[in-house]
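Lifted from TrEMBL, the feature list:
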type	residues	note
ACT_SITE	242	active site, proton acceptor
ACT_SITE	350	active site, proton acceptor
BINDING	269, 297, 326	Mg(2+) binding site
DOMAIN	221-315	domain 'Mandelate racemase/muconate lactonizing enzyme C-terminal'
């Protein structure tokens, strides 16, 4: 008899996007308790269903629409029945203080979430907190996460889509976006565990690997050059430099790195630190040095739309540099404004800004508008950043990937999960996220 946890069905509809599931999804693997291991009866029926649907398709055999467990299908067809939902503080020290134009961080103080379904499947989430960037601090995030968990414990069974709509109502807008992201991660991870599919496949299966940049915070020129050497030897070809606090000091840092590693690619991230004239001056000075950044991220204040458009125009037309909107892009309305006004070339998608479902909506609209995509995060462990990595790998639509902050932590609280090989993350063929926390070890 099939597993009772597999309460979903597949649709063959042209209104849905389908990706062919790998044959390894049905392979047994006794060496890893988290590996995908479908019940024999389910595997046989699924293969038969795939064959029947492919044969009956009206499309020619050479162009038959493939089938998947696709996330959109799952939103409509999977019934979520929560048995247990909990949240706890997730505190991890950094190797060194992380300084950007708007804040300084010495300790990650996020919120971890654990959700268990009635079928025993467990999902993990993380609400990332970054002072002066996210709307929540840890105290507020803990309170709102507790409220959401209490709702989930008493909530009747709902489809995944309806459940996520309820969570969005409890944790609305930008004010609670980080907590909403963490709760959504945990629910979606639990569902992916239930159907025994890795998240990267659930989100499209485009790839199971990504390559990230790595960030150098605001430090002295000497320290920046040392970090650049270290990261380059570890395989990082793109360095993201935090700037925006002091223009002259920023130029000195760029010169020091340029001298020691002229072959590196650069992303500049001002975190709203410059005014428009300063941002253009930075580009002029870099041009004099023979340096062309691959991206200039959030050069001006989030609400300085005229300044953002001005810098983007100069950067694009005079220097061939793309400009990304990060703090300026926190809603669908922002995406439309940026696209209609040609105010930036790229938008930075962060789950903590808009939640998981919000991010998927922003991605769809940005692609339709012809904007390029970047994916980033706050300062997160491999839990939240791994989820974002699964999303990026599965969708395969991101021009820039900035998912490096777990590498800046002094310890890793996440067990298993993706493999790290220098700048490359490889997501294994395991259920859901693949990583987990030892819950009893959290305060």
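These residue numbers are counts, starting from 1, taken along the chain as shown.
Every residue, even glycine, has its Cβ placed from backbone N, Cα and C.
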Tertiary neighbours of residue 242 (active site, proton acceptor) (same chain, Cβ under 8 Å, six or more apart) = 99, 100, 101, 215, 216, 217, 218, 269, 271
Cβ-centroid neighbourhood (8 Å) of the Mg(2+) site, 269, 297, 326 excluded = 267, 268, 270, 271, 295, 296, 298, 324, 327, 348, 376
For the domain 'Mandelate racemase/muconate lactonizing enzyme C-terminal' (221-315), the DSSP residue counts stand at 51 helix, 13 strand, 31 coil
Return the residues near residue 297 (Mg(2+) binding site), defined as same-chain residues 6+ apart in sequence whose C-beta is under 8 angstroms from its C-beta, sorted by sequence, else 'none'.
-> 240, 267, 268, 269, 270, 271, 323, 324, 326, 348, 374
